Amino acid sequence: MIVGEDQLWGRRALEFVDSVERLEAPALISRFESLIASCGFTAYIMAGLPSRNAGLPELTLANGWPRDWFDLYVSENFSAVDPVPRHGATTVHPFVWSDAPYDRDRDPAAHRVMTRAAEFGLVEGYCIPLHYDDGSAAISMAGKDPDLSPAARGAMQLVSIYAHSRLRALSRPKPIRRNRLTPRECEILQWAAQGKTAWEISVILCITERTVKFHLIEAARKLDAANRTAAVAKALTLGLIRL
């Protein structure tokens, strides 16, 4: 049986979605790039929409733009006049780049951005806006002649949403659970914060110095601290111990 184009794109997208939660960032990005490339998209970017308070570099989650284009885009502050992210901020619907509204005569700066993009092989593109409680973002992909059929666009939307969500989750700092340290570890860190040596703590608590050192090492490991001093500092910051 010959698989139709719609079914093919649907299958590829679902296979990607099924694998997302098992992938770490490098493997996820590699699979995402491979999938969009099969659709004719040779470049992409996943980023928050720039604002007065934050520029594109610090908002970028994954950058697949040509290096020279990204550098030019940032140095020329193209995000301030680019019709694609401008339109993305006002809609929840994915759209083709050429459908982003602007007037060539009244908005020559916007036209210049699109013209310069084409010089880097980014002739036509597809943008998927995403709006979260903490801000807006977009996945924008482009190429010289990408497949923009409804089936391909639907697949690109689906994989982009899942890829962005997974990368956002992976980029968040892993929270330290307040209850990870045992009462004994907290007690020993409390004494360490007061400047007591391992031997002095062992005398105070009537345990061996070796046991004290073991608990200090375990506490540092759980707090992702490089040494005893860093562990004490982090425990104080988290409110696990007090001076």
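The backbone N, Cα and C atoms fix where each Cβ goes, and this holds for glycine too.
Record features (Swiss-Prot):
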DOMAIN    174-239  domain 'HTH luxR-type'
DNA_BIND  198-217  DNA-binding region
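Summed and averaged per residue, pLDDT over the DNA-binding region (198-217) gives 94. Note: the domain 'HTH luxR-type' (174-239) comprises 43 helix, 0 strand, 23 coil (DSSP; helix = H, G, I, strand = E, B).
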